[in-house]
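Visitor: Please read through the structure below; I'll follow up with questions.
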Amino acid sequence: MSRNQLALFDAALMRVALLDALKKLDPRTQVRNPVMFVVWLGSVVTTLLAVAMAAGKTPGDTGFTVAISVWLWFTVLFANFAEALAEGRSKAQANSLKGVTKTSFAKKLNEAKYGTSHYPVAADTLRKGDWVLVEAGDIIPCDGEVLEGGASVDESAITGESAPVIRESGGDFSSVTGGTRILSDWLVVQCSVNPGETFLDRMIAMVEGATRRKTPNEIALTILLLALTIVLLLATVTLWPFSAWGGNPVSITVLVALLVCLIPTTIGGLLSAIGVAGMSRMLGANVIATSGRAVEAAGDVDVLLLDKTGTITLGNRQATQFLPAAGVSEEQLADAAQLASLADETPEGRSIVVLAKQKFNLRERDLNSMGATFIPFSAQTRMSGVNVQQRAIRKGAADAVRRYIDSNGGQFPGEVNSLVDRVARAGGTPLVVSDGNRVMGVVALKDIVKGGIKERFAELRKMGIKTVMITGDNPLTAAAIAAEAGVDDFLSEATPEAKLALIRQYQAEGRLVAMTGDGTNDAPALAQADVAVAMNSGTQAAKEAGNMVDLDSNPTKLLEVVHIGKQMLMTRGSLTTFSIANDVAKYFAILPAAFAATYPQLNQLNVMGLHSPASAILSAVIFNALVIVFLIPLALKGVSYRALSAAALLRRNLWIYGVGGLLVPFLGIKLIDMLLTVTGLA
């Protein structure tokens, strides 16, 4: 799910942003943005000149200088407002995390064991490694790992999802977050962090941080803009002696106005807002990025490693068919498979029981009354089953059952291998059933590929992104599902080591890799990946290894993460193109006006037919300020995103923001000039 989106111009946020914009006039804040700092200096210079002219200390047009000074200050304020509004939206979203109820005390245990003595302590005194007991109705006092027990947990304060989740010891659902509430049962939790270092504390501090670290691309663009500003500053400074030599020196006010209109103030004023808004959009999707670098990397990703279960398929495999071995009836196979599954609480196990009931009316069988012993599944044997009435029934992967049969002196039939291959080639998962040392046959399990996923992968392919399916299935099953889903490649029988090696292989080719994970065994690969989205339901190790956390624990969210990252990069590139193209039009407005008295020939460049030199310069300065205001919604929402190749996107954006950046200033400056003339302000 996504969090409730704030209105683009929320009244309360705008009031706060206006105050913050005034606070950001502090030169210590302005100097962090070199382009806008130049505008700030120009505003100070023209203000001092206006005061001197008003006092009769300096000759010049006081009204014109005051007007230029006012609009230069507006330019700085509008840029400050854009950044403050973006930051305000992020802080408002962080406040929803701040609202998570925190408990004031905790039940600290002397031993990591349920039933041992415990005593109340202040929750903020808990340290990493401490053991606590949380029971129904309690609020979990710290981030930690479940050592014992299982409970239903309400995480709605963090995720926004009202449905409770199960947290239990062992496996990939053992991580709990401080501030969530236990609804039933109990947990013994070991704290994994010290006070002030919880997941929520770190996320709130990151979102609300007074100083946001710039991303590498942002730094590179800032350096480019600074270089352009320095070049244009030097060019503007050299214009004064040229005009003086011509006998009619240009005023300092006009030179400052010329400089401000020529330097890339539009993107300079919106650059920080774009970065902050990108992280805000990520949080709006219930994904918390630990840095802007992670969001930016998501936009550059060209390889996606996607878990099959839950991302590509529904992750709820169902038994669809009983395929008996030679000499075995289908009902005999169904009988053995159902007995092996009666105590199996997995969706697959339950579906086998249901299918046997539907096909052969096998029902009302109680393992306890039969004196049966259930054999749970283990990663070592890769089988489960039951020992009942002198029968040892097992079900599991074909190679696991083969080893079991061989170890018991039996023989694995060749026709069963053919059945296994047939199910796998059809995209199903073959589950072999044995009774003693006799192979009974194969149960076909089918996982359903999510609707619309093939079309999404086709869109990613258009954008030059390679999709790789990661699965523990055998190569035949993996190949069939990969073909059905439309992924570009797959990794079958995946192990943590194989995933890590695959990521390193792609990175060695110069590619950026994104993946999701939730288990401790995913941590090495998450740490290696360029964009690593850890599931909030996963282990603490996985969350610490990733650079993003999905509060919804939805593996499909990786596709949305890439979308948001690319949108942020496209927004930055589009507005940079628009800003630089703007300067060309402003050149035709302000340069002829500035030097009309010295070099009358430059009037030929007044293609817009502006009323007077003063109105031309003032119109350009006003447009330069107002364009920042009009582009704030685009900076916050991002440019419209389409699934196109990089070359096609470049062409499209050059037409829209390049050509648009050339034409809009001509129209805008001319319109402002006409208004100034009509109102007599020029």
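Cβ from N, Cα, C; glycine included.
Relevant sequence annotations retrieved from Swiss-Prot are reproduced here:
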- 35-55: transmembrane segment (TRANSMEM)
- 62-82: transmembrane segment (TRANSMEM)
- 219-239: transmembrane segment (TRANSMEM)
- 254-274: transmembrane segment (TRANSMEM)
- Asp307: active site, 4-aspartylphosphate intermediate (ACT_SITE)
- Asp344, Glu348, Phe377, Ser378, Ala379, Gln380, Thr381, Arg382, Met383, Ser384, Lys395: ATP binding site (BINDING)
- Asp518, Asp522: Mg(2+) binding site (BINDING)
- 577-597: transmembrane segment (TRANSMEM)
- 616-636: transmembrane segment (TRANSMEM)
- 656-676: transmembrane segment (TRANSMEM)
Visitor: Sequence-remote contacts (6 or more beyond its ends) of the transmembrane segment (656-676), Cβ cut-off under 8 Å?
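Guide: That would be 574-575, 577-582, 584-586, 588-589, 608-611, 615-616, 618-620, 622-623, 626-627, 682.
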Visitor: Fill in the CA-CA distance, Asp522 (Mg(2+) binding site) to Met383 (ATP binding site), as an integer in Å.
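Guide: Computed Cα spacing between Asp522 (Mg(2+) binding site) and Met383 (ATP binding site) is 23 Å.
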Visitor: If you compare CA-to-CA distances from Asp307 (active site, 4-aspartylphosphate intermediate) to each of the binding-site residues Asp344, Phe377, Lys395, which comes out shortest?
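Guide: So, spelling it out, the nearest of the binding-site residues is Phe377.
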Visitor: Which listed stretch (62-82, 219-239, 254-274, 616-636) has the most C-beta pairs under 8 A with the transmembrane segment (35-55)?
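Guide: Stretch with maximum Cβ contacts: 62-82.
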Visitor: Which one, from the recorded positions Asp307, Asp344, Asp518, Asp522, has the smallest tally of other C-beta atoms lying within 10 Å of its C-beta?
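Guide: Lowest Cβ count within 10 Å among the recorded positions (Asp307, Asp344, Asp518, Asp522) is Asp344.
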Visitor: Of all the binding-site residues here, Phe377, Thr381, Met383, Lys395, which one's CB has the most other CB atoms within 10 A?
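Guide: Neighbour-count leader: Lys395.
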Visitor: Using C-alpha atoms only, work out the spacing between Phe377 (ATP binding site) and Asp518 (Mg(2+) binding site) and round it to an integer in Å.
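Guide: Spelling it out, the Cα of Phe377 (ATP binding site) and the Cα of Asp518 (Mg(2+) binding site) are 21 Å apart.
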Visitor: Need the DSSP three-state call for Asp518 (Mg(2+) binding site) to compare against my parser.
Guide: coil
Visitor: Would you kindly give the Cα-Cα distance separating Asp518 (Mg(2+) binding site) and Asp344 (ATP binding site), rounded to the nearest Å?
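Guide: One finds 23 Å between the Cα atoms of these residues.
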